[in-house]
């Protein structure tokens, strides 16, 4: 995306995470305050939210919208290190802003839920509303619904860290495969958005009971900063039980680097040059001047080939 000014790309990353942490987490707010959605429905809804975010911003910034992916791309030469701090700042800021907007919209139902259930914000038990914004392990809503209810020690700190690591490993592996220019099956941007959305949706359904499946430091850290100032205090920082706040920053970042490495040093090494035949994946998109994710080896985005 070198042909797009840096400040424009930063705005796009801000907007992408803002959308994820407003419309995306609004689904969690609806589920907690009304009981309208189950885990499967939330997974599908998050898949759609990811698709929307990517379609909106990918052509401008590359649609990274995830500090863990940004760091992994830089580690393997797909993104310049000098821009990493700025991208992460934009992403986390988008998460903070998105959470504040979500709270402004849903303040009434959240307060009503707290009053109906005798929840004192910032005290033990208030994680059930804090989880609208930030992640906890185990998932407070699912833990409370079990018979008998899960206790905080049902998942250890290493277990929570490992769950976020593995989930983001899978996510990064898919991203690196999709942006590889030698991959004959590298999809167009709309198909990439669909694939990544479905991957995220699957991860949410499978892993959310354990750690709520952040797989994105900005999706957790940004809203966590917001709710610290909205009255949840220690629920946000340092966190509770075996789940301190940094799990959802460190785990995904390490997982993304490992997932990128699995592609770069293992699967990706076996590929040759991308076929030029008309039937090669992505050709139709190129003929229509629709960008596809398989850029040059230094590509930073799902839209690099559209230049």
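Glycine too: its Cβ is placed from the backbone N, Cα and C atoms.
Nobody curates TrEMBL annotations by hand; they come from automatic prediction.
Looking at the stretches 116-140, 191-215, the one that TrEMBL records under the feature transmembrane segment is 191-215. Highest Cβ contact count with the transmembrane segment (155-179) among the listed stretches 12-37, 84-106, 191-215, 245-266 falls to 245-266 (criterion: pairs under 8 Å). Residues 66-69, 71-73, 75-76, 134-135, 137, 157, 160-173, 175-177, 180, 211, 214-217, 220-221, 224, 236-239 of the same chain, all 6+ positions outside the transmembrane segment (245-266), place their C-beta atoms under 8 angstroms from a C-beta of that stretch.
Of the ranges 43-63, 84-106, 191-215, the one with the most Cβ pairs under 8 Å to the transmembrane segment (12-37) is 84-106.
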